[in-house]
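Colleague: The structure is given below, and queries will be raised subsequently.
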Amino acid sequence: MGQIHLEKVRKAFGDVVIIPELDLQIEDGEFVVFVGPSGCGKSTLLRLIAGLEDVTGGKIVIDGKDATTLPPAKRGLAMVFQSYALYPHMSVRKNIAFPLKMAGMDKAEIDKRVDYAAKTLNLDNYIDRRPGQLSGGQRQRVAIGRAIVREPEAFLFDEPLSNLDAALRVGMRLEISELHQRLKTTMIYVTHDQVEAMTMADKIVVLRAGNIEQVGSPLELYLHPRNTFVAGFIGSPKMNLLGGNEAAKYQAATMGVRPEHIRLSTADGAWKGTVKVSEHLGSDTFLHVESPVHDEPLTVRAGGEFPVHAGDVVYLTPEPDKVHRFDDKGLAMKGNGRAIG
Amino acid sequence: MATLHTKSAARAMMAPAVIVLLIWMIVPLAMTLYFSTLNYTLYNPFSTPFVGFENYSYFLTDPTFLAALANTLVLVLGVLAITVGGGILIALLLDQDFYGVNIVRLLVIAPFFVMPTVAALVWKNMMMNPVYGVIGQLLQSIGLAPIDWMTDVPLLSIVIIVAWQWLPFATLILLTALQSLSMDQKEAAEMDGAKALSIFWYITLPHMSRAITVVILIQTIFLLSIYAEILVTTQGGPGSQSTNITYLVAQQATSYGDIGAASAGGIVAVILANIVAIFLVRLIGKNLDA
């Protein structure tokens, strides 16, 4: 149980509209990621679902019940905050036990659940420490522990990994994914990092300025972006979006091709360009190529090592069946068009 | 080597200041200790024979001493209770966002700038006077008999006046503590199912514990030496009902001209203050760690 339906949800602070009318269905057990650039309203949307903000209009239905005006505690949701929001004067045990204590559960049951949560999250050794004595990753786990003991209908994560260093982030990402596999509880996860979104989500909701740009599985979004915004946002490095002459060859206003879908050659190809920056990672080579076909450098990815350096001349050829076409409103067009020339 | 030289140079540089401060403290203390062993009265200041501990036994066996000790405790604890309790409530109120909150904050802090004697006189003559005081007028307007504060409840009157003066200080310190509480924690507690009262008890109050400790420590130091408010209102009376240790010590010198007994009383007060300080630091000082 953990269906969340948003119906015509609207949020405005005074005259400033953060979220114009928005509909969204989140099914039981799904891992849904809200992703978008800063200020796109993704956190606000999460807080609306949590009940920390009141909706200006519309309905929030959780498990078939109208939860629009319910206080946060009554919605059966648990939230992990970006800052972890642990209680600094309480030990790890008391932090995790707090929601159960507030629910008036008896001591034996609380201990049992806290011990279980601590064991699942590898917190046994820190159970009597205070948050101030823990590392970032451990604090993060305590925050998750505090959320799971309640056995909520759904978990809400508000950019939970953004305060961790890169290595730890990858580890915690896996842990959260594993947690989802094990608990099979609905999870809603907010992030601005499209890598997190792609790796964790069953369903990604791409937001821009409070509007849903596209909803779909990570691969759907990767393969069939609905518009130029999604095309540019999903995928790393970013898709190259070209207008003008090149797009016209595909009978489109804008043509897009991902860095990994460009064939690279030092001999011949469709576009000639000069390497501006080359990034050699060993496993991949990323090139930023200046070319007369586009004002901004084109990004190209070659698998493995590709021995060119700044200043070298290279030729780029987009793979024709991997080209995305967009019309003058920025919306995706069907088919790959027919390349002329 | 460098550090060794720097250290001795630093010591030499600091010495004058340290020595001046030391003299500043030691001389009055030593003189008080010395006077406390003499039979030194203002009626005959030229003959000051040594009397040993007689002044101490005189001061400590004075029946007023125990009364003054009790009054001091009531005064300190009473004012602390009112200022900390009231300070928390007012701080919670001022932490809310309402129209004109800045002006209200300024007004709340204002009493702190009023001199103790002035504050006490205003309270005595304009608030608590049974004939023309504001409180008396209010009581009369609803058909109750006015209270003769300074005569009937002298110690309570002093507690009210002093609490009024210190409430802004407590409020200010507690308000800043309250404002540093992150919104996230309150929201997390809300998500965890805590009601407003639980949030206050489990989140807000522990967060303020350090500030409360600071308020208690600082106020206790000042409250032990309350003098002006008593002098201009009850003068320790009626009888010794509103006499505290400080006032009793001063009385020995000003009313009875007995410098020896006053000095002995001063030393006793210093010892008592230290006992209280050690007690407080042991009891709540750990809140200041970490």
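Just so you know, glycine gets a Cβ as well, placed from its N, Cα and C.
Just so you know, TrEMBL annotations are computer predictions that nobody has curated.
Grabbed the feature section from TrEMBL, which reads as follows:
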DOMAIN    B:69-280  domain 'ABC transmembrane type-1'
TRANSMEM  B:12-35  transmembrane segment
TRANSMEM  B:65-94  transmembrane segment
TRANSMEM  B:106-123  transmembrane segment
TRANSMEM  B:155-178  transmembrane segment
TRANSMEM  B:199-228  transmembrane segment
TRANSMEM  B:259-284  transmembrane segment
Colleague: Residue list, the transmembrane segment (B:259-284) vs rest of chain: Cβ under 8 Å, 6 or more residues beyond ends.
Modeller: 29, 32-42, 45, 48, 51, 55-56, 58-60, 69, 213, 216-217, 220-221, 224, 245-246, 248-250, 252-253
Colleague: Do at least three C-beta pairs under 8 angstroms join the transmembrane segment (B:106-123) to the transmembrane segment (B:12-35), pairs 6 or more apart in sequence?
Modeller: no
Colleague: Cβ under 8 Å, sequence separation of at least 6 from the ends of the transmembrane segment (B:12-35): give me the contacting residues as numbers and ranges.
Modeller: 259-260, 262-263, 266-267, 270
